[in-house]
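Notes follow once the structure below has been shown.
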């Protein structure tokens with residue numbers, strides 16, 4: 001008989017104490033209001049559209065096709081071998097460019113975008129609980145300091161939950177293809193030497209050597225359309241890694257699985273974009289897998305770290321805490337699947353846990369390159385530079401535009417802005433795809449190996465290598481991205 005998953009919760013008195021610590025003083029409220037007003041004036045000065053532009057836009061949220069392919073194959077592929085991209089096309093039913101741009105793409109599963117055919121996402125476990133009732137969803141979304149949602153809006157949200165992708169059915173079809181299984185043998189990265197923790201039957205231990213929060217390039221999105229969260233997570237880990245520390249509780253309960261003896265929790269800032277009030281999200285010490293032999297192959301279905309097989313699981317644990325905070329009435333794996341669709345800088349703001357912070361969107365529609373440069377590099381008076389030498393000062397993200405001009409840009413998809421570099425008199429923005437792979441190609445994409453300096457130190461970016469990090473000529477930013485998001 002399957003053991004019932006225990007509830008994730010935090011002591012009410014402890015939560016009350018945390019909330020009190022995060023409450024702003026009158027001086028802090030005044031300083032924050034002044035900061036928001038200065039931002040508004042700067043954006044108006046540069047001719048940027050008002051932030052209510054978001055009401056007309058589709059939020060970011062594509063599933064990671066690389067992770068989805070590996071989940072279905074129950075194997076990690078060498079994506080630097082071009083044959084792997086052909087395997088992806090056959091497994092997911094479309095070529096890569098169609099997958100990342102088509103309105104009917106399987107990567108949009110879990111979203112309700114203009115009557116697209118709904119498919120069903122089956123969760124990782126056999127004892128899946130059904131959806132919460134509309135009343136329970138309403139209770140979790142309509143918190144004390146958020147504007148209430150209408151019944152129609154709530155019904156739309158509920159319908160998004162039931163737009164799903166049937167992983168089990170698709171996996172069985174893939175694994176039964178003998179020819180395909182033979183072809184991928186040379187492309188599979190061996191699992192030997194991985195940290196499998198074989199004594200644990202159904203999960204991996206994430207709390208090893210504490211939460212490694214400063215490994216920004218280890219953030220890899222999984223099989224849920226929450227790219228915005230992973231872009232925001234990478235942005236915070238890159239610029240303000242200290243804000244991603246998590247608190248740990250040890251529960252000395254008898255007859256509990258080892259993972260159930262831990263609770264890792266974090267405080268998140270509420271935003272109107274995602275309709276969640278400030279509060280705490282709690283994670284178990286578990287990583288969810290999918291497949292008949294997932295324990296051995298180690299293919300995490302949700303967000304994970306690039307080197308998760310070596311015992312680094314902080315990305316998945318942070319995603320769990322975030323999902324628990326957003327949707328506390330759903331079981332943890334269901335809550336993660338419900339995070340599809342959102343905004344990168346909003347997630348970054350939520351992740352900071354800092355009530356003094358706010359965010360802005362620099363919309364790129366009808367913006368000149370000169371004004372973009374002024375926004376990024378400052379004008380010496382009312383608009384500050386956004387960089388320390390070459391690196392972003394604060395967490396920054398980008399959101400792709402639908403009518404982008406470069407092949408390889410995904411839409412609707414969020415990216416992380418890391419900084420900039422220069423080459424032969426041209427300025428290039430350094431950008432990261434939370435998939436860990438997948439870069440644009442064509443004129444204006446830098447293809448050299450480059451050192452970039454920051455406070456006397458150097459970071460090596462091998463731009464020709466497909467690791468999700470690329471450098472794009474600043475003149476092409478407006479034609480490929482709809483806005484730059486910033487937390488400050």
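Glycine is no exception: its Cβ is also placed from the backbone N, Cα and C atoms.
Features of the protein shown, as given by TrEMBL:
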| type | residues | note |
| --- | --- | --- |
| ACT_SITE | 227 | active site |
| ACT_SITE | 413 | active site |
| ACT_SITE | 433 | active site |
| DOMAIN | 218-484 | domain 'Calpain catalytic' |
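Per-residue pLDDT, averaged across the domain 'Calpain catalytic' (218-484), gives 88. When the alpha carbons of residue 433 (active site) and residue 227 (active site) are compared, the span between them is 9 angstrom. Between the CA atoms of residue 413 (active site) and residue 227 (active site) there is a gap of 6 Å. Between the active-site residues 227, 413, 227 has the most other Cβ atoms inside 10 Å of its own Cβ, all protein chains included.
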